[in-house]
């Protein structure tokens, strides 16, 4: 909004020339989202506590410590993230850019699905929430609409192509199969972050790390000169997503202030589904879906642990892990919650650096 309102006046007010720089607006988005989260956070938490007298239902089969340390903590803290993210993005992004709207609407759509799930958990006191099939259908519908919208904005051979990391300007042509593939990425990312969100601060920091990396990728992929220099594909207009990513980082930092152990609030599915969907949508726009698998490798590990656990139990009657997702396995082994969280943050950082390395290792 500020870009659309103030940059046209740059001839009269030279200071407004700053708004043409993505780096300036991305920095502004980080700070704005952080400030909004700080301002609205205490009020949102107070409202959630008043509404959710007993807090989020805790799994009876989970780690025993959770029944003591997490009981009574309100959920749906994702409201704080989504509000700060949306306000900051609308202020600092170029609102004529359709990619910004695609990613923002996917984020809010998945947030709405998550809210539906959280609401049922709190109101019905049922940890399972929305039936899995209904939830999946809603996620697929939003992802399919987003993928089709992205397809309509990009020309061949880029539209139906998949970029391959570690190879110079290699694009695999998937044609119409790209649509279900993009849906799989968005839905998978949303649910992967959702599965990871089981400990205080565990999901939000890797999300911020991945968002920071994709701010860089968005900027470079959307800049013709840098894309040519790095021998990566060029997606016109995708650089504006750096502003969205910056807003996500700022909103995440603000939320972490209240989610640091012991958490005052949980993001719930309202936040985790939305943030995962956002990362998936960004990777689809920038054509770096495979890089998301590296940068968000921690989310992949958590998801695979659940798949392996369920498959093993159905096929053999035995469990591979003491409990799934993976972070609960280490808790069951005796690791303290802060130990699990910080070590997983370290893993997320290493994987993010590996993802960044794909820019030069070609």
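Backbone N, Cα and C define each Cβ position, glycine as well.
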Annotated transmembrane segment segment (source Swiss-Prot; candidates 2-22, 170-190): 170-190
Region pair the transmembrane segment (241-261) / the transmembrane segment (28-48), three or more CB pairs under 8 Å: yes
Among 170-190, 265-285, 290-310, 339-359, stretch most in contact with the transmembrane segment (100-120) (C-beta, under 8 angstroms): 265-285
Stretch with greatest number of CB pairs under 8 Å, the transmembrane segment (170-190) reference, 28-48, 201-221, 265-285, 290-310, 339-359 candidates: 265-285
